[in-house]
Amino acid sequence: MLAMKEKNKTPKDSMTLLPCFYFVELPIVASSIVSLYFLELTDLFKPAKVGFQCYDRALSMPYVETNEELIPLLMLLSLAFAAPAASIMVGEGMVYCLQSRLWGRGPGGVEGSINAGGCNFNSFLRRTVRFVGVHVFGLCATALVTDVIQLATGYHTPFFLTVCKPNYTLLGTSCESNPYITQDICSGHDTHAILSARKTFPSQHATLSAFAAVYVSMYFNAVISDTTKLLKPILVFAFAIAAGVCGLTQITQYRSHPVDVYAGFLIGAGIAAYLACHAVGNFQAPPAEKVPTPAPAKDALRALTQRGHESMYQQNKSVSTDELGPPGRLEGVPRPVAREKTSLGSLKRASVDVDLLAPRSPMGKEGMVTFSNTLPRVSTPSLDDPARRHMTIHVPLDASRSRQLIGEWKQKSLEGRGLGLPDEASPVHLRAPAEQVAEEEEEEEEEEEEEEEEEEEEGPVPPSLYPTVQARPGLGPRVILPPRPGPQPLVHIPEEGVQAGAGLSPKSSSSSVRAKWLSVAEKGGGPVAVAPSQPRVANPPRLLQVIAMSKAAGGPKAETASSSSASSDSSQYRSPSDRDSASIVTIDAHAPHHPVVHLSAGSTPWEWKAKVVEGEGSYELGDLARGFRSSCKQPGMGPGSPVSDVDQEEPRFGAVATVNLATGEGLPPPGASEGALGAGSRESTLRRQVGGLAEREVEAEAESYYRRMQARRYQD
């Protein structure tokens, strides 16, 4: 059954097995055998001649004939080759029969068959040829090394003088006067014995026997299993003792000196160890080529389910946040919680929808993972800091900046009115065409989206949605509007001191007002009607200034108007139609310092008043207001005075007029005469038209802004 398993394995194809054996390994072994023949069995190579002492007793030992030796050379070669080779063949046969039991435990495993040259070579044949062939080559190499050293050294054997039979008379001198002889004075007739007497170091018997013993002992240690406790030691000791006996016989029979035998043992053992470790790989099977198996795919659903809710609750804040939330979102100002939907397409489950929530708060019940789309979605409450419910706004009051903004507004108004001037008598026609409003809304929405993306890239957006209101005991609330980077808010500033003709005061100031307006009318060319094809340019210095500032900023236009007129918990979530239409904030744009908010009694709207410094003039805007100056001081307008006190005073030039553009309160009737003020009345009418158009645009922009805010809040 085990053999069938080995046979059932698909044999490997080798293109280099036979070529290497025939053209590399076999020629090397054959050449070594041929060389050994010339060195051992012929006199082609003669040893070196070394001198000796006269009558040296160490070289005068008896000579034992070759046929009388205990282990002759041919017997040694046959034993050194036959015994190890037979042992290797028997061992390989047993391994082939029991290869699963013996080799299955080894690091190399079991060798399979190989197809080469149309022949199938099983593991028994290949291993036997490999191990025996290396052993034969080792024997030849050891004999060659021994012969080369013997020929190079030429040391004498203990029986050299016995077979040499030196003739000392040929020296011409006595041995006493010249004891060391270097001349060839041998008179013996056995030339072969004399040549063999000059080759003793190292002992050939010792080298060959040591090589065979070490090589086969290493084979036994590698192949025989540890279950047989005594077989391996017996075989190893048997070959080791045989090698020792071969060497010792050379000493006892005076064939070699003891040092020659010891050197032969070392040389033979070294060659055997080298070939066994490097030529045959310590008799182990070569490592099988393992096909890399792909790593098993990780089941995402199983990994998530293993993380139970209890383990998530037990984690501390840092671990939970690091695992589920990216580090970039944990820094800076808190942001609304964002859900990261992980794609789990590999699960192939239609009824499973995994939402990974990434809260910035410590892990709790609100941070658990739900695995069913039938369960309610869990989301963390929005972390609204009370400080985020307020903001500080700075309204720039630079005269040069105001001129620049008004110039841009004039250009836009000219382009908008070039299509056609609506009827002045009907306030309904003050609206711009629906297509133009839609286009402007789309452009503003794109600008707002770009600005929001830039702010998100730059860093956390500061909480700036509402102004900070400070309560002052006895003086009323005060709104502080510090500067902030970003789009300028829209502040509603009413037109300046133009009211109905019946409201003019009979005091001395009214005459100066009438004189100034008449001079303005004369400079403007008198009450000449403007054709519809020629656009008229009105210069309301305050209303258009703030509208131009909001248009140039391109940001949310209705944030300040809603936040400054109501508390921080209502106006953000209401649409413009639901809010109080009478909540209007009035402010003097030419105030030298921050404006002061005056809260009227009851539920009346706030009005922003500013202290007017006497002697401070305003800037000139356009041709119609070129002669305008503001130098009078309004009595009774202190920082803490209520609106009711101011409203009871008679109107003056430069007073603040509250006009509700949404309801139309404060506007003169459509058919009001222009005789009292002339060009000033037309200018007031034109300002109302522009104000109505701006109000419609503000409402449209506010609706789009709150719609986006509401959608974003739903997403969060």
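Backbone N, Cα and C atoms are what each Cβ position is placed from, and that goes for glycine too.
According to Swiss-Prot, the listed position annotated as phosphoserine out of Ser196, Ser351, Ser519 is Ser351. Taking Ser361, Ser505 one by one, Swiss-Prot attaches phosphoserine to Ser505. Looking up Ser320, Ser510, Ser571 in Swiss-Prot shows the phosphoserine annotation sitting on Ser320. Per Swiss-Prot, the residue from the list Asn8, Asn167 bearing the note N-linked glycosylation site is Asn167. Between Thr173, Thr191, Thr374, the residue that has phosphothreonine written against it in Swiss-Prot is Thr374. In this chain, the transmembrane segment (261-281) does not touch the transmembrane segment (18-38); fewer than three CB pairs sit within less than 8 A of each other, excluding pairs fewer than 6 residues apart. Of the candidate ranges 131-151, 205-225, 231-251, 261-281, 205-225 contributes the most Cβ pairs within a distance under 8 Å of the transmembrane segment (70-90). Ranked by the number of CB pairs under 8 Å to the transmembrane segment (261-281), the listed stretches 131-151, 205-225, 231-251 are led by 205-225.
According to DSSP, Asn167 (N-linked glycosylation site) is assigned to coil rather than to any helix or strand. The number of other Cβ atoms within 10 Å of the Cβ belonging to Asn167 (N-linked glycosylation site), over all protein chains shown, comes to 11.
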